[in-house]
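In Swiss-Prot this protein carries:
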type     : residues                     : note
BINDING  : Asn48, Asp90, Phe136, Arg386 : ATP binding site
COMPBIAS : 243-253                      : compositional bias 'Acidic residues'
REGION   : 226-262                      : region 'Disordered'
REGION   : 693-715                      : region 'Disordered'
MOTIF    : 711-715                      : motif 'TPR repeat-binding'
Amino acid sequence: MASADVHMAGGAETETFAFQAEINQLLSLIINTFYSNKEIFLRELISNASDALDKIRFESLTDKSNVNAQPELFIRLVPDKASKTLSIIDSGVGMTKSDLVNNLGTIARSGTKEFMEALAAGATDVSMIGQFGVGFYSAYLVADRVMVTTKHNDDEQYVWESQAGGSFTVTHDTTGEQLGRGTKITLFLKDDQLEYLEERRLKDLVKKHSEFISYPIYLWTEKTTEKEISDDEEEEDNKKEEEGDVEEVDDEDKDTKDKSKKKKKVKEVSHEWVQINKQKPIWLRKPEEITRDEYASFYKSLTNDWEDHLAVKHFSVEGQLEFKAILFVPRRAPFDLFDTRKKLNNIKLYVRRVFIMDNCEELIPEWLGFVKGVVDSDDLPLNISRETLQQNKILKVIRKNLVKKCIEMFFEIAENKDDYAKFYDAFSKNIKLGIHEDSQNRAKLADLLRYHSTKSGDETTSLKDYVTRMKEGQKDIYYITGESRKAVENSPFLERLKKKGYEVLFMVDAIDEYAVGQLKEYDGKKLVSATKEGLKLDDEDDEEAKKRREERKKRFEELCKVIKDILGDRVEKVVVSDRIVDSPCCLVTGEYGWTANMERIMKAQALRDSSMSAYMSSKKTMEINPDNGIMEELRKRAEADRNDKSVKDLVLLLFETALLTSGFSLDDPNTFAARIHRMLKLGLNIDEDAAADEDADMPALDEGAAEESKMEEVD
């Protein structure tokens, strides 16, 4: 617990605490920035109240005495125009003193910083505050002072209070109204926010944002009635406020006589609790009876999202196993979608309408972590625990059905091109993670993939469409992986494939490497990387082509040996290429090793296994283009004098250039730059002796070579 200043006030001990720095910044942002949608504060506070009620109801399943202090589970709203306060009361689990200090001020939630950064960058809206775990502080959108009175079964009643001036107080409450159990949040509204004391406004807000909360939400309403009474009955009627109307209806004769007496009108003010949310759980109703607006309202109350959902799947499974479920796909991915420290809490699990938990990892796989919704089972035991969940066969069947229905929903989204573009932009990584992890559904998920290609232009293509465009005689699906579309679309690896008119898919998402490693084939056709060795094209069966290839190999055999000797263990072998048309050379990786892109990804892993990296990334093959002028000139020089210093320099320069064009990174960019500078000096006829001492492993190009080979010849 944080350190505090302690003083006595009215016999009760009051402690003052400082807000944690990030929370102080957040409060300052909320208070000093103008937001048009301040109304979301009520949704956030009701949502928190609902969570507290969920907790006590779950605790009561194992020990009924937990609800003895307040058996009824409710949320109450009390507007008080006289004091300009709005109170939100719940009979939930309540908070201990330690909870109050930690949860409301001294320990920042993981999302505090992210929320402020997203707000400042304009990437999110203040109404998303609940998704970042700091919804309580939205109270300061409408209030300049907030008081939280709370009672937990394991502690005394305490009052938390703050005007958001950098600190808050916590007082042991012995004199105030005793709650029994639960929390009462009192908002002292700003003068320009008094609309939130109006019954109509509060009813509208609950219907808009919190209609489908599982607990009754009551509003303390004021009713003014005007009635006529005779003078001599005024006193008697005042005593019988509740019975008066009944007596008048029952006795018509008496009413006729009363007309002769003098009447007078009086106003009667009465108060009563009115339940605002009377809808039964939406998942119990038939899908055809529910409007899109009702689904949207339920989705927003379930998730605290401010946008409508992108898609919904409402279904029930009947037979040996029975459960009902509603699943939603949001319009955008949450900021912490792949945060491994965060527990999945997007699917709420109910058993016979009783909320059990919302972070049941066994209910849905990690790759579907973005799907939100509810599952209500009649077959699971009410007292199910996390330990028994893992072995529960019913849950495994539910999980299998949820995955199946999610995939169906994704295909339904794919029927609308614009909607699917939004979906794919937000959640394509999840689909690819599913391909990597879910072997049973891998083939189905492959149909959801979309890629740019050498023939798709600005559009993307599916694997299915790619297959329909395959050239006659083409046996495989070709792809290239890389850092970006720009980095791969002019890659030397594509030269021969483009010349033959074969389409190549651009896989430029880091996770594509993992997905394609598992997918391996589609529709009976192998997925073949354009950057790995062993690329076979259909004309290799042509006898004449084979003969030409053998002749070229023989002619460049000596140069291949020279290059291998110069490069040593930097490459595994040097061969004549069949895949490049214009470029002088390229570097390919082994069929089962990492691609250049995968090597880049693995180097970026902070906790990578260095020994594995060395093993997987060392197998490079240099392929040289026998039709390229540079290679032909290099062959002549090597044959004339294999110890020619210019040959070594040119080979090293070609190797380092090939590293870059093939998607690898340079281990020593300074040496590469120095080599380029020396080639420039050579081309410009700058005397080498005037330059600084050269690096030992980069011998200067001799004068004979300099005269023989100007830069334009090398080009």
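Every residue gets a Cβ built from N, Cα and C, even glycine.
Taking a C-beta cut-off of under 8 Å and a sequence gap of six or more, Phe136 (ATP binding site) has these contacts in its own chain: Glu44, Leu45, Asn48, Leu104. With a cut-off of 8 Å between CB atoms and residues at least 6 apart in sequence, the same chain places Ala49, Ser50, Ala52, Leu53, Phe74, Ile75, Arg76, Gly182, Thr183, Tyr215 near Asp90 (ATP binding site), listed in sequence order. Averaged over the motif 'TPR repeat-binding' (711-715), the predicted model has a pLDDT of 40.
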